[in-house]
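Q: Shown below is the structure under consideration.
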């Protein structure tokens, strides 16, 4: 009798277990349907809010929550907060915070932030000085990489003596909240005001009457589309999303050197980074050594460079070595550093940058460098053991089907961990190189994408905006 009773209990438990599994499957299916319905409702809300040719910008925010345990293990626990992806619908407040904005809302927010010129944490770390190192970070939508860049910056020695300026061409509250949560140094945000996001149906975005990229000249003339007479050197018409990168870089540099109130008397170094870079903990220390060495041995070196593209790394022999060589865009565009004097020289030849038919800012700068009347090309002093790394295997120019952010990030972390004993050298040794054939090859023509006269005019006009006084905003 006890055996029969025990068997009955087991049968009941088995039936209950199967029932629970069935309920869970049904709930998952229901949630999936609700999610799809929710997307439709969100699209309807956006469409209802849009007026006068306003359409939602459909750029996808790269914000993966798949940081591997291997990567997290090498990040101090107190910095995990920068890697945490907060669900957008976790609470009523979060839903309100991440509510969709239409183009008019975003434009107003951009104007307000740019006008305020707020420096976060200034009360904790003091005002910007004339020699404060400014780190300018160009940000698009790859939030996953940006999180790791911020973690690497947080671990850098003397980072609290810098000003981080995040320059955005995409307005998103999750990105904003991450940037404004930084508590280890001074922070400012600036927003490129002519973005594709804020001009979805007009130049500098994609005007409905713009010529199709691959239209032939005869077709374009028949269509009477915008800029029909001016395809690029390869016979193609502009693509707004690619032209935007060069515009953003040029606007950002103009904004920092010529327009912000806090940089009016700034004579120090400006470091140019991007959202998919990663820095070593001694990059500021190395920057100081590069500057000192350049002053002593290469006063004509106008650009300092903290990163380069290598296949193998030998920090035991290169950590304290620097090289002086002609600057080349594809080799020395990562962690590039220069000051106001160099920027003034660049501005004197702005036409060489703005009129050059290449949608890449770095190749445009190379063209400018090679066409300076009576002057040599830019010279660069760079560290042979890089202190800035490129981790962006997924995104704008990288379409790998199997890309995994954590894979590259963990490799860089491991590389720096193994090189730890070679970081922070007391001094560096410089060698001079004439550069290889690639360094010295004269650019014959650009990569195209910049034949549209409107792009060239917008680029030129960006240099004509004067320094702007800070607007104080008072909230009631």
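Backbone N, Cα and C define each Cβ position, glycine as well.
In TrEMBL, annotation is done automatically, which means it is predicted and not curated.
Bear in mind that the values here come from a model prediction, so they are computed numbers and not experimental data.
Below are the features I grabbed from TrEMBL:
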SIGNAL    1-28  signal peptide
BINDING   138, 139, 140, 141, 142, 169, 244, 245, 246, 247, 248  substrate binding site
DISULFID  211-225  disulfide bond
BINDING   276, 390  Mn(2+) binding site
DISULFID  298-301  disulfide bond
DISULFID  354-459  disulfide bond
DISULFID  394-403  disulfide bond
Q: Check the Cα distances from residue 246 (substrate binding site) to each of the recorded positions 225, 276, 301, 354, 459 and keep only the ones within 10 Å.
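A: Taking 225, 276, 301, 354, 459 one by one, the ones whose Cα falls within 10 Å of residue 246 (substrate binding site) are 354, 459.
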Q: Give the number of CB atoms, excluding that of residue 225 (disulfide bond) itself, located within 10 Å of its CB.
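A: Excluding its own Cβ, the number within 10 Å is 17.
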Q: Give me the long-range Cβ neighbours of residue 248 (substrate binding site): same chain, 6+ apart, Cβ under 8 Å, in sequence order.
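A: Long-range Cβ contacts: 138, 167, 169, 192, 195.
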Q: Given the binding-site residues 140, 142, 246, 390, which one's Cβ is surrounded by the fewest other Cβ atoms within 10 Å?
A: 390
Q: Between 211, 298, 301, 459, which of the disulfide-bonded residues has the fewest other CB atoms within 10 angstroms in the structure shown?
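A: Comparing Cβ neighbour counts within 10 Å for the disulfide-bonded residues 211, 298, 301, 459 gives 298.
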Q: Nearest by CA distance to residue 301 (disulfide bond): which of the recorded positions is it, out of 140, 142, 225, 244, 459?
A: 459
Q: Hey, how far is residue 244 (substrate binding site) from residue 459 (disulfide bond), Cα to Cα, in Å?
A: 10
Q: Just to verify: the residue among 138, 244 with the fewest other Cβ atoms within 10 Å, which of the binding-site residues is it?
A: 138
Q: Inside 10 Å of the Cβ of residue 276 (Mn(2+) binding site), count up the other Cβ atoms and send me the figure.
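A: Summing over all protein chains shown, residue 276 (Mn(2+) binding site) has 26 other Cβ atoms within 10 Å.
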Q: Quick one: pull the CA-CA distance for residue 142 (substrate binding site) versus residue 211 (disulfide bond), whole Å only.
A: 29
Q: Report the largest Cα to Cα distance, in Å and rounded to a whole number, among the residues 138, 139, 140, 141, 142, 169, 244, 245, 246, 247, 248 that the record lists as binding substrate.
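A: The span, Cα to Cα at its widest, is 18 Å.
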Q: Do you know offhand how many angstrom separate residue 390 (Mn(2+) binding site) and residue 140 (substrate binding site) by C-alpha?
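A: With the alpha carbons as reference points, the distance is 15 Å.
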Q: Return the residues near residue 354 (disulfide bond) by Cβ distance under 8 Å, restricted to its own chain and a separation of at least 6 in sequence.
A: 250, 364, 456, 459, 460
